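Colleague: Mind having a look at this structure? Questions to follow.
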Amino acid sequence: MDLIYFLIDFILHIDVHLAELVAEYGVWVYAILFLILFCETGLVVTPFLPGDSLLFVAGALASLETNDLNVHMMVVLMLIAAIVGDAVNYTIGRLFGEKLFSNPNSKIFRRSYLDKTHQFYEKHGGKTIILARFVPIVRTFAPFVAGMGHMSYRHFAAYNVIGALLWVLLFTYAGYFFGTIPMVQDNLKLLIVGIIVVSILPGVIEIIRHKRAAARAAK
């Protein structure tokens, strides 16, 4: 339970925690950001990590004159982390996907996460790799499911790079350009919660629609 509380606190107060990391570790924070983003996109056991808000807050911190963070270097590193992470995730899904999710009672490899991602694939096809970048949890499982389904790696790689570019550039530079606005600085926590809600909302709506459609079909 302590870990759950820590994660919730870290996500909701990511601006404070990230600022503390920058103050304590300086340029080493690049490596920390790289690792967090790689784990969220590359490991199916860490779908809870806050990719969207992390990118936005990192961009906002880079805009402050009190920090030595270079937003352009940060973007390059985050792009590499996102692209390599998805590629690793795809490979894991291709090699071990069925085995990892063979236990229906698993607390870590939950079948519901795969079902949610499959719904996206049914509607959007290969473009799911791009769109999933903006939907937490689905973002982590989309490349994994692509690997399980033996999607052509050439097609996957193209979607992977496009999705990473859109996602990293949008959130990081949005934080960088809006982070200096006093109103944004004063309401950063509220904005982070808003980013999380907006990110999750499309997935929730899609699940509700799918369940209603299934209920109508059952009748």
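Glycine is no exception: its Cβ is also placed from the backbone N, Cα and C atoms.
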Colleague: If you check the topology given in Swiss-Prot, are L61 and M183 found on the same side of the membrane?
Modeller: yes
Colleague: Tally of helix, strand and coil residues over the topological domain 'Cytoplasmic' (94-160) according to DSSP?
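Modeller: Taking each residue of the topological domain 'Cytoplasmic' (94-160) in turn, the totals are 50 helix, 0 strand, 17 coil.
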